Amino acid sequence: MKTKAGFVALIGKPNAGKSTLLNTLLNAHLALVSHKANATRKLMKCIVPFKDKEGYESQIIFLDTPGLHHQEKLLNQCMLSQALKAMGDAELCVFLASVHDDLKGYEEFLSLCQKPHILAVSKIDTAVHKQVLQKLQEYQQYASQFLALVPLSAKKSQNLNALLECISKHLSPSAWLFEKDLMSDEKMCDIYKEIIRESLFDFLSDEIPYESDVMIDKFIEEERIDKVYAHIIVEKESQKKIVIGKNGVNIKRIGTNARLKMQEVGEKKVFLNLQVIAQKSWSKEEKSLQKLGYIYQRNRD
C-alpha cells in the first residue's frame, strides 16, 4: 500500500469555520464550535484518512489552531503563539477565509507564514454565486503565493474532497504516524473539557464565555461510565452568579448539554459534577494559564 502522512496547520481569522470543517471531515464532534468568534483556544490534532487519485492512502494530521488575532491580554497572546507554532511545525498550511471576509486576514497570514499553503474560501453556501466568483477573483492577485485556491462549504460538504486531494498531492510519501482508526491523539478528559467550554458559549452571553475556562479536577474512566469532576473558572463574583443562575438553572443547563455531548463522543454514560469559582485576573496571570494548560512562547528577539 502506498502511503503518505503529514502535519497540516489549519489557520484563519476567528469564526472562519475551522472547527466546523474539521468536525465535518471527521464525521464527529471533536473541535469546539460556536457562532461566537474566538472560541478555539488550544491547538488540537485531528487525523483524517484520505485515498487520493494517485492511489496513495494519506493520513492528514490537521493542527486546529486558535484564530489569528492580536490582543494584549496574556490569554490571547498564548492563543496566537500556538497558531504561530503550528505554522512552524507543519509541512503544509491551509488558510481558511470566509467568503465574507476582506483580504486583510490573508495578507496578515502571508506576512507570518513562509510555508507552502492552500487558500480555502469557506461558507460559499451563504453567498450568491456572483459573490463567490468575485471573492475568488480578488484572491487571484495572490496566485503566485498559494498552491491552490479551493472554495468550499463545510456545512453543505461541498468541495471537501477537492481540498483533501490538494493536501494529499503536496504531502511527502511516508508511513502513517498514527494508528489507522485514530481521530485524535487528545486525551478524552481534554476533549470533555472543550465540550464543557462549548456549552459555556452556547448558554452564556456577552463577555462571560471569553472570561471563563474549565479545569478538570478528577477524571475516572471506567468500562461503562466516565466520571468527570470539573470547575468553571470566571473572573468576577457577579459572573459566577450568572453562570450558576437562579436556583442553579444555568449551571444545570450547561451541565446537561455538556454531558449529552460527552456521551455521544465517548460512546458511554458520563457522570458530570460541575462547580464554579471566581478568580480575579486569571486570564492575565502566567501561572494560572499554565495550570489550565496554556503555553506562552515569549518572543526572544
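Backbone N, Cα and C atoms are what each Cβ position is placed from, and that goes for glycine too.
Checked against Swiss-Prot, the range among 12-19, 52-59, 284-291 recorded as region 'G1' is 12-19. Cross-referencing 64-67, 156-159, 196-199 with Swiss-Prot places the feature region 'G3' at 64-67.
In the three-state DSSP scheme, Gly12 (GTP binding site) falls into the strand class. DSSP labels the residues of the region 'G3' (64-67) in these numbers: 0 helix, 1 strand, 3 coil. Secondary structure of the domain 'KH type-2' (204-280) per DSSP (helix as H, G, I; strand as E, B; remaining residues coil): 33 helix, 29 strand, 15 coil. In terms of DSSP secondary structure, the region 'G4' (122-125) contains 2 helix, 1 strand, 1 coil. Lys18 (GTP binding site) carries a helical DSSP state (H, G or I).
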